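Colleague: Annotations for this protein, taken from Swiss-Prot, read as follows:
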type     : residues : note
SIGNAL   : 1-24     : signal peptide
DISULFID : C40-C80  : disulfide bond
DISULFID : C46-C71  : disulfide bond
DISULFID : C56-C78  : disulfide bond
DISULFID : C60-C79  : disulfide bond
Amino acid sequence: MAISKKMLTTFVLTILLAVSFVHCSDRTSGVGINQEYAKCYDLADCQKPKVDDAACERFCGAKSFLLYGKCDTATNKCCCKSKTK
């Protein structure tokens, strides 16, 4: 049984497509381009004189379990940052 030129071309193109898809896919958690997330929000609990880091931690944790929060006393804002690097 001979392999036709059309069948061989189809097979090669399928393999190339599969390989390029695997290289471009970022479905594995923890693999790929990691970016540091940092964003600050106005939160009443971070206003002076009452600075409540626990409230900021809860606020950021509600946005995503990958974030932690800390009140920035210089700007009076709650800053959420990523736990992973």
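Any Cβ shown, glycine's included, is placed from N, Cα and C.
Bear in mind that the values here come from a model prediction, so they are computed numbers and not experimental data.
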Colleague: If you measure C-alpha to C-alpha, which of C46, C71, C78, C80 (disulfide-bonded residues) come within 10 angstroms of C60 (disulfide bond)?
Modeller: C78, C80
Colleague: In sequence order, which same-chain residues at least six apart have a C-beta under 8 angstroms from C46 (disulfide bond)?
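Modeller: Result: D52, A55, C56, C71, D72, N76, K77, C78.
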Colleague: Counting across all protein chains present, how many other Cβ atoms fall within 10 Å of the Cβ of C71 (disulfide bond)?
Modeller: 24
Colleague: Among the disulfide-bonded residues listed here (C40, C56, C60, C78), identify the one with the smallest other-Cβ count within 10 Å.
Modeller: C40
Colleague: As a test of the contact definition, list every same-chain residue at least 6 positions from C80 (disulfide bond) whose Cβ is closer than 8 Å to its Cβ.
Modeller: Y37, A38, K39, C40, Y41, C56, F59, C60, K63, L67, Y68, G69
Colleague: For C79 (disulfide bond), write down the residues of its own chain that are at least 6 apart in sequence and whose Cβ falls under 8 Å from its Cβ; none is a fine answer.
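Modeller: For C79 (disulfide bond), the qualifying residues are A38, K39, C40, Y41, C56, G69, K70, C71, D72.
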